[in-house]
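J.: One structure, pasted below without further comment.
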Amino acid sequence: LSSATDDSLDGSSTRSAGRVKVRQYGKTCKELTGMFMTQELAAHSGSVWCINFSLDGRYLASAGEDRVIHVWEVSEGERKGELLGEGAVSKESGGGGSPFVAVAGNGSPEVAMLPLNSADKGFVEKKRRPRVQSSRKSVGSDHLVVPECVFGFRDKPFCSLLGHAADVLDLSWSKSQYLLSSSMDKTVRLWDITSSTCLKTFSHTDYVTCIQFNPVDDNFFISGSLDEKVRIWNVHDRKIEDWNDLHEMVTAACYSPDGQVAMVGSHKGSCHLFDTTEKKLLYKSQIDLRIRKKKSGQKKITGFQFAPGSSLEVLITSADSRIRVVNGDELVHKFKGNISFSSHCKLSTICLLIKMNLCFAQI
């Protein structure tokens, strides 16, 4: 999703396959040598701070600086060429359609590996001499793997939710398709997307930076705020079930898949584990992430992503452009990414986008 000007709020989109240049970092070969952007939505005016897929993958919610929450419906292409803005390749046409689609003997597209040669104009990068000489070659560097299903978004939002008085900072879906949003207006709002109405408002004393429904019992959710407190809320009774003062501004909070553990991160880079078995915040331990940056702005925890079905294995992103792998309270590994001086990215969004096959990868 891209930032857009005010005249682009009609939800218009572009569906075309554009090659995204990929460079390896610290490696002698490219593991992903072909990546293509298939759709761009002109969704918001100003910055987009958060995007989040519903748990069943049917919807994507987006929000940010313009205070509006758009909900987009995910559509699946019957033929691979549809969402690429190309006609499907047919035997009769001799392959004059989408460069991504191969045709089986019965005339229907199937998962295929297409050779990329000099005839594929606009999609083949000029080969550059590698900086580090190596005999290793990229795995499958001569072929393009097309996914079985191609997903995209409908051109117009399914619904637009209005009510926040300041930037929307985070979003969370329940199992029953209700949507939570947190904002710089110091509130969390519960939305019904079928009627586009706000059902309840949960007031805080400062900006609400992070929220998440309990993945097991969506009558509860966790919130973190710049008032340095993390809270567990009862949705039905609209009351605080429990809270804890971290004495540091809370910038990230997340439940484990079984709802038994909560992980909370701060702007100073500290990361804390809580036992939430009884819908209470019982402090367990602090994880040493070994963040060595001197400036507090570069230490900020920006997101968590637990491994599916695990309450121990988790990926943690931070403002120092690192992804850390943690098992329990032990730091296992650290990955260094591209340096970001202004914005941050939440890990869960990246993982979901990859799952939705919105990018094609040559492997």
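Glycine is treated like the rest: Cβ placed from N, Cα and C.
Where the annotation comes from TrEMBL, it is an automatic prediction and has not been curated.
This is the feature table in TrEMBL:
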REPEAT    41-82  repeat 'WD'
REPEAT    161-201  repeat 'WD'
REPEAT    201-235  repeat 'WD'
J.: Could you tell me what the rest of the chain brings near the repeat 'WD' (161-201), counting residues at least six beyond its ends with Cβ under 8 Å?
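T.: Result: 49-56, 59, 61, 63-65, 67-71, 207-213, 215, 218, 221, 223, 225, 233, 235, 238.
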J.: Can you tell me the mean pLDDT for the repeat 'WD' (161-201)?
T.: 96
